[in-house]
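Structure first, commentary second.
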Amino acid sequence: MSSGGLFLLLGLLTLWEVLTPVSSKDRPKFCELPPDSGSCKGSFQAFYYHPVHRTCLEFIYGGCEGNDNNFKTIDECKRTCAA
């Protein structure tokens, strides 16, 4: 195969990887919930999974209540929801 053909194949495989959604059958349902700061007035850095962007993002957590889409570290969020 020529080098041009290899680059074309690599480009197509990369495009397929980007456009093909990750299977969400094993992802917990709470990963689909919106970020919820809760009712307390604290200001704590937290992370939530954003299902449209398929990544974990930062938000400010108040310190109580909220929902389960709330992680102390981005790594914990990625392990739970983005894997």
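Cβ from N, Cα, C; glycine included.
Features reported for this protein in Swiss-Prot:
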type     : residues    : note
SIGNAL   : 1-24        : signal peptide
DISULFID : CYS31-CYS81 : disulfide bond
DOMAIN   : 31-81       : domain 'BPTI/Kunitz inhibitor'
DISULFID : CYS40-CYS64 : disulfide bond
DISULFID : CYS56-CYS77 : disulfide bond
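Mapped onto three states, the DSSP output places CYS64 (disulfide bond) in coil. Per Cα geometry, CYS31 is the residue among the disulfide-bonded residues CYS31, CYS40, CYS64 nearest to CYS77 (disulfide bond).
The Cα atom of CYS81 (disulfide bond) lies nearest to that of CYS56, taking the disulfide-bonded residues CYS40, CYS56, CYS64 as the candidates. Cα to Cα, CYS56 (disulfide bond) and CYS31 (disulfide bond) are separated by 10 Å. Spacing of CYS40 (disulfide bond) relative to CYS31 (disulfide bond) is 22 Å (Cα to Cα, whole number).
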